[in-house]
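Structure, as structure tokens:
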Amino acid sequence: MAMAAAASYTVIDFSFSGDAGFCRRRRRLSHRFYPIKNVRVKSPTTFSIRAAAVGGDNVVTLLDYGAGNVRSVRNAIRRLGFDIKDVQTADDILKADRLIFPGVGAFAAAMSVLSQKGMAEALCTYIENDRPFLGICLGLQLLFESSDENGPVKGLGLIPGIVGRFDSSNGLIVPHIGWNALHIEKDAGILDDVANRHVYFVHSYRAVPSDSNKEWVSSTCNYGDKFIASIRRGNVNAVQFHPEKSGDVGLSILRRFLYPKSTLSKKPAEGKASKLAKRVIACLDVRSNDKGDLVVTKGDQYDVRERTNENEVRNLGKPVELAGQYYEDGADEVSFLNITGFRDFPLGDLPMLKVLRLASENVFVPLTVGGGIRDFTDANGRHYSSLEVASEYFRSGADKISIGSDAVYAAEEYLKTGIKSGKSSLEQISRVYGNQAVVVSIDPRRVYIKSPNDVQFKSVKVANPGPKGEEYAWYQCTVNGGREGRPIGAYELAKAVEQLGAGEVLLNCIDCDGQGKGFDIDLVKLISDAVSIPVIASSGAGAPEHFSEVFRKTNASAALAAGIFHRKEVPIQAVKEHLLKEGIEVRF
């Protein structure tokens, strides 16, 4: 330690030993002088910073570097009684009383932003001094030495280890999306109230425990192999999962961080989480009715109008209220599909953005939104990229965006040329936000054939023959809400969009939509066997047994329903109780 007499500043070397990572490399940089007030030296090698909290004891400093959805984190913090101060400068980090870093997006992009703004240095200093810190998802990964994501890319280097991709070579579905169980390794502090219940993960990369980082590891999770689910050392915490998307369990984790000395009057009920759960998703088809009001509707083979003289749009409720009800009922995710006419001008659809903002205030499970996410030019000639459109949805509360027709056109071009242009909405958004944030919605129609040799597309032998006794069928993809068929099959489309950066497939079926006779098992099995990303089965659910059937007979990771939930024909809880009775792991 040395004093810079002329400026009266205390100069401290915050370096770690070793060569890997940002913090550990600082010793090789030229000397820099950081003005830090109120330094109290404990010994020649230990020190701490005491900075007054701006705004009082009920303020959380939030490090939001502008990528992805952190609105839910903000809503959770406010729900727990805290105000938020956003980090504007590196000095805001050093002065924070408590700091939350909800990292979203790609590792390299995040490190680039932190380094360019001088925040990486401040973040290392803050954590090294054992200040109250909570990193979420990427906010955990950046603490390690490096990542293989589009890399290798150097991390902050505070924790030994490399963040690598899950190994999908043996059929493991990647990304790891859904509700999984934690294995507590030591006194975990903020995890005291998890009580063997599921928490929500969404990631393709992870760090693994080792002898060199075991002192940090507070919990692990099993998915293909054991990976680090959370770390803790002193006041420093970070989690790979998303507490702000883990329902009441996640809120209890955030509460433990914000109120470290508090005790709950009632301990949560012990759960039975042991592995990745199958997800039950509630879908809300949202559009404007003839009066211009946004309503939740439901189609019958994609026709959303009542068969009456008035031919009005079928109205099954208000989107924000229904989303909140499904969250309370135990839905693992809520999906909004915007099928209204705004799609000629996506960013002009302020009501739908408002729906997202309001829903995210009280819904602490993942929210997906789809409809109209593509490049477009407005009436004034201004061009908007699909990335700009998606970014607005993420800022408004979406965790994932769903791309439909635009993904079909991109896949057709890719299959024709064999070249990834990097310009499609699918590629742009997955490159910036990660493939786990991009869902491709496939709308196929069954086409019966006598022989697989009749078409160039992948076909299957169907369980129920066609109207003329045909034993085979291929699934033709459609665009524009099922109104236009395209020369590409569902199998070919799914394989192509996986290559282009999709992290999940939402698999609809026009033939089964609104029929209530069950999912198209032939289709779901075809696609879930073909790709190594999660597949969500959709269209046709009419009873709890249809959910257990699709999970038993296919590799679907989740099943989605709409009408049976809207009309209260089958409660979400009844579906989960049935699945549990059938030996299928679900979240309660």
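Heads up, the Cβ atoms here are built off N, Cα and C, so glycines get one too.
Owing to the predicted nature of the structure, the values given are computational and were not obtained by experimental measurement.
What TrEMBL records for this protein:
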DOMAIN    62-258  domain 'Glutamine amidotransferase'
BINDING   CYS137  L-glutamine binding site
ACT_SITE  CYS137  active site, for GATase activity
ACT_SITE  HIS242  active site, for GATase activity
ACT_SITE  GLU244  active site, for GATase activity
BINDING   GLY372, ASN508  substrate binding site
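Contacts of ASN508 (substrate binding site) defined by a Cβ separation under 8 A and a same-chain sequence distance of 6+ are given as SER441, ILE442, ASP443, PRO444, SER538, SER539, in order along the sequence. In the structure as shown, the Cβ atom of GLY372 (substrate binding site) sits within 10 Å of 25 other Cβ atoms. Mean model confidence for the domain 'Glutamine amidotransferase' (62-258) is a pLDDT of 94. Counted over every protein chain shown, other Cβ atoms within 10 Å are most numerous around GLU244 among the recorded positions CYS137, HIS242, GLU244.
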